[in-house]
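Here is what Swiss-Prot says about this protein:
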- S107: active site, nucleophile (ACT_SITE)
- D260: active site (ACT_SITE)
- H287: active site, proton donor (ACT_SITE)
- 33-290: domain 'AB hydrolase-1' (DOMAIN)
Amino acid sequence: MYEIKQPFHSGYLQVSEIHQIYWEESGNPDGVPVIFLHGGPGAGASPECRGFFNPDVFRIVIIDQRGCGRSHPYACAEDNTTWDLVADIEKVREMLGIGKWLVFGGSWGSTLSLAYAQTHPERVKGLVLRGIFLCRPSETAWLNEAGGVSRIYPEQWQKFVAPIAENRRNRLIEAYHGLLFHQDEEVCLSAAKAWADWESYLIRFEPEGVDEDAYASLAIARLENHYFVNGGWLQGDKAILNNIGKIRHIPTVIVQGRYDLCTPMQSAWELSKAFPEAELRVVQAGHCAFDPPLADALVQAVEDILPRLL
């Protein structure tokens, strides 16, 4: 990965009556524009995310999506849908005077990248995607319902289901929704910590749990749950695989960890079958973008796609 340079431009953009989103630019002000779309939903971006891009070559734009990271209000699910986020990306592009850009996203960021590209294909130079997640019921059930990845970490699964009454464990995502949006803040925070702790075990091969406090877990837990309960607003004619025809001309590289427990390779495989023009690169790695095999593969993907953007 590249040296992490400080932003040369940053601020907040009012995108609705409620929401302000954080944005920043780093790298070369005259370089090839790229936007980094973080995962979650609700994870927020970190300075390390700049490191996937050569700062001498790229004008690196990073945003924190509604309700998370440095954006305000924190952990707010109101006026917070996939299509709100797509509109926000366009507002940032217009504000910065960028015509077209490379779009880079992993996990939920891959979902949002695809949704944005299918809505505004004329604004996308290329796509670099990692850990494909299409926000389908089968994928959210794999993560947060019994019988999926729960079979890999049964001991941690018991901790995840512990806050839920036994008679409600057949629909865990819905049951957690009631806790994460409960009027009692202590109930919300306890549920958020359990949700985020569970996910942390799926991201790395040697997980250590979530080391931040419960409040720091609230955005990712609440917003993930909010999006999962609503199917990501990507059903029917909005489903990503039903709209591949809109983006088949866009240069695309998919980087997928073979042993990814959060976003298993099945989704990347299905996307590559529907989108044969995209290049699928399978890495002997898990989910975390910063683990060396994946990080190296992502840096290489960006370098390889660059000539097709110029």
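Glycine is no exception: its Cβ is also placed from the backbone N, Cα and C atoms.
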Mean of pLDDT values spanning the domain 'AB hydrolase-1' (33-290): 96
With an 8 Å cut-off on Cβ-Cβ distance and a minimum sequence separation of at least 6, pull the same-chain contacts of the residue listed as 'active site, proton donor', or say none. S107, G131, L202, I203, R204, G257, D260, L261, C262, T263
Cβ neighbour count within 10 Å of the residue listed as 'active site, nucleophile': 25
